[in-house]
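To start, the structure under review is shown below, and the notes come after it.
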Amino acid sequence: MSDTNKEVVDLVWGRPSGGGVPASLFRRWSQGFVFSETERSALEQFEGGPCAVIAPVQAFLLKNILFNTEGLNWKDISEEEQRTVLCSTLSEILELACLNKSQAFHLVTWPHAKTTDNSDITDSHPEPESSQPTDTPTALATEELGFERFHSVIQKRTLRTVAELKEAVLSLYDTWKNKFGVLLFLYSVILTKGIENIKNEIEDTTEPLIDPVYGHGSQSLINLLVTGHAVSNVWDGDRECSGMKLHGIYQQASVGFLTLMESLRYCKVGAFLKSPKFPIWILGSETHLSVFFTKEMALVAPESASEQARRVFQTFDPEDNGFIPDTLLEDVMKALDLVSEPDYVNLMKSKLDPEGLGIILLGQFLLEFFPDQDSVIPDSFPVYHYNGLKQSNHNEKVSYVEGTALVMGFEDPMVRTDDTPVKRCLQTKWPYIELLWTTERSPSLN
């Protein structure tokens with residue numbers, strides 16, 4: 001194993017004691033990008049773990065199919081369209097990870113990888129027919145190639161321009177869909193980003209990107225694929241905590257991220273992930289990632305003045321109390337380019353805090369400076385949910401669950417729907433959302 005490969009292994013898998021990475025964990029991550037036979041634009045996930053890579057790729061894939069490709073029937077794409085859209089999506093994520101477009105891109109692949117069917121590891125390491133049952137998907141790795149052997153044979157390929165990158169990624173389509181495609185792509189993103197750059201962004205460099213016990217991807221890994229930055233947090237910008245600077249998300253993401261952990265008050269997702277450029281959100285449970293999406297672009301309309309005010313106010317309220325000390329009112333008003341003359345600020349303090357409690361409530365602040373604005377969101381619109389695990393789908397066939405969403409500014413008991421993990425996750429963005437699914441059972445977050 002080369003020094004570079006060892007650095008990648010340490011970053012991704014850590015340095016597990018007692019015999020290295022468990023074979024069962026490596027096997028779960030050893031699959032390629034494979035499209036469902038039932039839903040031709042949906043990727044399948046064979047076992048728990050690699051959703052940290054597959055779900056972000058699926059989210060970008062949907063963005064490109066729904067919004068960047070004219071004349072494409074997103075429910076029925078051809079094999080050639082699958083090839084084109086998957087490879088353009090992988091290239092896009094690699095570009096996102098590259099800090100400077102003048103730097104090189106790196107692809108991790110097999111030595112002398114071919115670009116035709118039956119290529120890659122099968123050529124140089126033939127396996128007995130019995131080791132690969134015919135009914136096993138081609139992207140699920142065999143037991144023949146263990147952890148050490150895999151990392152001793154993979155090689156790095158360097159591309160200097162975006163055009164070269166796109167051409168190379170397209171030519172390696174069979175590599176991405178067969179055997180270890182997910183890991184090869186993940187390693188490509190890591191080397192393109194730069195190992196030291198990732199270490200500088202991760203909060204705790206002793207924590208590997210893949211949990212050595214359960215096999216789940218870390219938040220840093222998810223953020224790296226979604227935003228190009230391997231930061232460990234989901235809030236907007238940087239925060240100070242006990243003299244330490246903790247890094248968050250720096251700009252609006254193309255696809256979003258919402259988590260059930262926020263409904264449990266373990267964290268709070270910032271506006272840059274909660275309000276992405278396209279109406280596609282990765283949903284996180286305690287153990288799995290799925291994708292919620294719609295074609296309704298009104299959901300991601302430019303940030304309104306009141307939404308901006310809410311976001312800025314909350315940066316001064318990091319614990320999400322719903323209020324700030326009145327001493328910070330002037331700073332908030334300055335940040336929003338409101339009149340901030342001392343006399344006016346004092347007048348607003350007395351108006352917003354008539355009882356002299358020394359706090360300014362978020363609701364009162366928004367009501368005073370940004371009275372109710374008409375929502376551009378339609379009363380109802382079609383929505384879809386994707387879960388790549390077969391066992392989490394009806395009849396164990398990976399397909400989108402369709403439904404209708406109602407987003408209201410108040411709770412209406414007349415249209416109250418079941419309380420499900422998917423709904424609780426979405427309520428972190430739309431507190432009064434209701435979901436009516438076309439299936440008998442609601443889609444699974446796990």
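Backbone N, Cα and C define each Cβ position, glycine as well.
Copied over from Swiss-Prot:
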type     : residues : note
ACT_SITE : Cys51    : active site, nucleophile
COMPBIAS : 117-128  : compositional bias 'Basic and acidic residues'
REGION   : 117-137  : region 'Disordered'
ACT_SITE : His288   : active site, proton acceptor
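Comparing Cys51 (active site, nucleophile) with His288 (active site, proton acceptor), their Cα atoms are 7 Å apart once rounded.
Taking each Cβ in turn and tallying the other Cβ atoms within 10 Å, the top scorer among the active-site residues Cys51, His288 is Cys51.
When secondary structure is read from DSSP and collapsed to three states, His288 (active site, proton acceptor) falls in the coil class.
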